[in-house]
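Only one structure is covered here, and it is reproduced in the block below.
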Amino acid sequence: MSRAGSPSARRTGLPLRALLTGAAVVVALALPLVLPLFQVTLLVNVLIFAVVVTGLVLLTGIVGLTSFGQAAFMGVGAYTTAVLTTQAGWSTWLTLLAGFGVTALIAWLLGLMTLRMQGHYLPLATIAWGISLYYVFGNTPALGGFTGLTDIPPVHFFGLSLTSPRTFAYLALVCLGVVALGAQFLLSSRVGRAMRALRGGPLVAEAFGVNTFRLRVQVFVLAALMASLAGWLYAHSQRFVNPTPFSLQAGIEYLFMAVVGGSQHVWGGVLGAGLITLLREWLRDLLPALIGAQGNFEVIVFGVLVILTLQFARRGLWPLIERVLPREEVRLLPEHSRLPERGKPQPGTPLLEVAHALKTFGGLRAVNDVSFELRAGEILGLIGPNGAGKSTLFNLITGVNPATGGRVTFAGQDITRASAGQIHRLGVARTFQHVHLLPDLTLLANTMMGGYARGRAGMVASLLHLERREEAALQHEALRQLERVGLGEQAFTLAGNLALGQQRILEVARALVADPTLLLLDEPAAGLRYGEKMELVALLKRLRDEGVTILLVEHDMDLVMNLVDRLVVMNYGEKLAEGTPAEIRANAAVREAYLGVDMAEGAA
Amino acid sequence: MDFLQLFDPTIFPVLAADGLTNGAVYALLALATVLVFAVTRVIFIPLGEFVVFGTLTLASLQLGKVPGTLSLLLVLLGAAALMEALTWVRRGQAGRGLLTLGGAALLGAALWALAGWAVPLKPPLWGQVILTLLLVAPLGPLIYRTVYQPLQNATVLVLLIASVALHLVLTGLALVFFGPEGSRTPPFAAGNVTLGQVTLSWQSLLVILVSALLMLGLYFFFDRTMPGKALRATAVNRLGARLVGISPSSAGTLTFTLAAVIAGLGGMLIGPSVAMTYDSGFLIGLKGFIGAIIGGLVSYPLAAVGAVLVGLIESFASFSLSAWKEVIVFTLILPVLLWRSLTTRHIPEDEE
Amino acid sequence: MTAVSGAQPAAPLLLEVRNLHTRYGRVEALDGVSVQVPAGHIVSVIGANGAGKTTLMNSIMGVLPSSGEIFYQGQSLRGVPLEARVARGISLVPERRDLFASMTVADNLQLGAYSRRRENWRADLDDVYARFPRLLERRTQLAGTLSGGEQQMLAIGRALMGKPRLLLLDEPSLGLAPLIVRDILRIVQGLRGGGVTVLLVEQNARASLAISDEAYVLETGQVSLHGPAAELARNEALGASYLGG
């Protein structure tokens, strides 16, 4: 590999983190044998709860969707297995799959109904769903009403009946291990990057071809399936079910576990599940004695604890632990194959055509009858004073906010009504005026986000890490593009550590990973220092020489004049002028628009 | 039970009146929910607990017992005063910090003395109502100061999680203060009034009347007075409001005071018709909430209408399918959400 | 930074900004900016997009946290929250105007006087209506339904209702047609007579220099040029930085 000399690639000499993980696994495996029986039962509960919370970490911590209904999904899994094993005599392994089926269907329907809307409708719907299901369980005689169903058979494993908590603990451990590992795999994959991108709003994710609605539904269903698995475990560890552990209050507690532990980390969720469960046991003994009455007073302490966590450590406790742990090392995969590349148009052929574009907001014509053409291989600048309609035109070309009238054609296809993702897949990649990066991820991971549309791996392949070949190709493509823009040395540092100028260049690299035919840059020089601007100009010139077509919305005249082949000038939503930099410089109307009206002229 | 019985002329009006009475209180809660959300972005789940505190505090007073509400009030007052004093000290004005602490101590002592003196005397009903309001209403602004104000810049979801946590705390405290048994307060007015075919209890009529008057009062407050307009302004444009000198904290404090008064009054109004226990608040609050969601968390009239509808549906459901009442009411939210999701346009993030 | 003229303004300073730094995360939007605004003057700040003009206004107003010193009437504004700055007589008309769109013009204006509730604001309302007769015509209309120019008048009117000593105007000409820009700037010019000091941010460089006493040019978070407005208007370098030579 040509980058063998890259200093940061495998810089962590000590696999300390791997050692620590190994030690944690050994301790976990020893616990069911070492602990007294009562505590093993408690351990089983912690493990089961941790499975639910892992789903919540993906849903709430990573994607930013909140659900209070996870306990209800757990109930679906538990009741499905309870009914089918006791009343139909099914095998416990078959009922697990049946539970998955029922849960997935319900979660999918709920997701379809609520996930198109703003963030707070999902949690509200899950509250309603959590309450309703509790009463459905309690009021259905076939489900045993509020007393529940008993005599649920134990799980059999190769003739071994898992009746004792000690043996059952191993089943729970394996389940948690599989779920947590799957979650970690998912997070370090194409789909995981898209999930993280969703958190900062749909804009970036959609610009790189992510179907944000479908992805949200998928993650919601995945989290529900994890809860369903936990419900199955719970039913067979308790050997009876009743509605109480699946009530809304339990659903709230799972969310608390995620929040207190650290909802953005898989291990934070496990930590939270352990902490809250142990704390509850301890408080159950302590509080009634203090208050002098019976009742579940521990919720008072939990509530206060959660409010304090939100006020003082909004990201939960795990980040505090993470600080003392060695940093996770980034592993580069060996490259087996390269990603397929797009055929590029002949230089000089028409690439983008905007014809009589019109965009109105209410009565205001933000873009009024604007037409221009862009040919392959050229750099076109779109300039104009603030409020001239440049950004609106930009949004209209990128599909963020489609035109009210007129026609936009790209590479021979009508894209006037196409979505941002569809336009991206045709070969348009963009940067943002306000930098949209994930500051907590490395430059490499940020850049790889740009290649989302070039990959195929779905949720399942990502969970199982079956997409390593594609991931490797993406990694190396991203590294190549980082080197192309001159950021190769810093590939493994965090994006948040870069200065603004470098962040903008990182956005260019991210766009380049998409292998675009057309690169759209939205005010790339805004806020840059002189030296940074010069670097940007040099980079863009180099890219043009390498055959990339560029459309640039910019305010800085200096930069534009020295860079572009042609210019389109806008003012008050209309095209004011079009031509070479020299022609534009000589244009009186443009001078007027830029330096503004003369107060002396025509004034009293 | 026969479904058609619902439309029996002797049963239908009774159910409708019941539904309207509860619906009127849900409507008040829906308005408070919309108000709190619009001004502070807090989805105020614990509103239902304020209803419970209203009813059960009044019930305690009627027994001549000093309710636990007082100790909660004093603890919160202390915490809020400490936080406020700390802010002053950090700004380098330790003197004002001390003044805050002193003032809070004086206020706390006065409330404590007042409750200790007045409660054993068993004042008349109107006196008990005022005393209840004095104990419940300040909880609103104090909770805002201690719980939500430090989270002012947090996302709606973080605020929602805090709300749910607070709901648990208040439910737990209600159990400590009032015990597990439910209480029903005596009606404010006895007897029935007959209007044509319909017989309505004076109590129901009173509830509907007071609710309507409160709504009218709120309308006047928001439409005519400077503080009311300031709250609307904060809801419409937070930065704009700050630029004319309306601080988000003072708007939040006022909003939470209003919400606490509305919910506390609601609790006292509904107390005679519902057997209230320490944990009834959640469901009551959520029913107001469904009304608020029907109004999209923005429209006051739609929210009120939605809440009355919830009351009616609940009343009819409790007659024919009483065990499934809650399921019906809460499943109702799903078609509403579906309708909202189909009619709300997906607006991409603002990028200028 | 280059001073076009070394002469110090004679009038007492109403606002003095010393070595102001404002950051967005790790990005420094203002990098040691110093600005002096003498009482009764109109001072304009000009510069390209992203130069930090709006950041400067928001920092002075207290919308954004910043480090460095801001003195207003000789007193430091450190630790003074936005609302208290309004009460002390600073008003900002923000770039996005931030009107109360679903409230009437009259309500918007009345709320402008929120910080001085107990004083008689009705007389000031008449003053504002006299200055902007269009707003009187539209007083019962919702602010969101006004045209761009009228919205800008309302935003300025709302700020004036607070009886400010210092008015911060952020891009009042943004998105407005040239004739309306001229109207608005003339109104700004007229404020000086009423004892209001103005700090004006504009892209419309020529017009804003024409009505200003002093001006500062901001470039990537730093003051690159400052001096009397008339001298800056004749400055060749300024023309170059706007039209690329």
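Using N, Cα and C of the backbone, Cβ positions are placed for all residues, glycine too.
Taken verbatim from TrEMBL:
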type: TRANSMEM; residues: B:20-40; note: transmembrane segment
type: TRANSMEM; residues: B:47-64; note: transmembrane segment
type: TRANSMEM; residues: B:70-89; note: transmembrane segment
type: TRANSMEM; residues: B:98-119; note: transmembrane segment
type: TRANSMEM; residues: B:125-144; note: transmembrane segment
type: TRANSMEM; residues: B:156-180; note: transmembrane segment
type: TRANSMEM; residues: B:200-222; note: transmembrane segment
type: TRANSMEM; residues: B:243-269; note: transmembrane segment
type: TRANSMEM; residues: B:289-312; note: transmembrane segment
type: TRANSMEM; residues: B:324-342; note: transmembrane segment
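Comparing B:20-40, B:243-269, B:289-312, B:324-342 for CB pairs under 8 angstroms to the transmembrane segment (B:200-222), the maximum falls on B:20-40.
Remark: the transmembrane segment (B:20-40) contacts the transmembrane segment (B:289-312), by the rule of 3 or more CB pairs under 8 A. The stretch from B:47-64, B:98-119, B:156-180, B:324-342 that makes the most Cβ contacts under 8 Å with the transmembrane segment (B:70-89) is B:98-119. Long-range contacts of the transmembrane segment (B:47-64) within its own chain (CB-CB distance under 8 A, at least 6 residues past either end) are made by residues 25, 29, 32-33, 36, 119-120, 122, 128-129, 131-132, 135-136, 139-140, 167, 170-171, 174, 177-178, 183-186, 259-260, 263-268, 270-271, 274, 276-286, 288-289.
Long-range neighbours of the transmembrane segment (B:243-269) within the same chain, counting only residues 6 or more positions beyond its ends whose Cβ lies under 8 Å from a Cβ of the stretch, are 25, 28-29, 31-33, 35-36, 39-40, 44, 47-48, 50-56, 58, 129, 132-133, 136-141, 143-145, 148-149, 152, 185, 206-207, 210-211, 214, 218, 227, 230-231, 233-234, 276.
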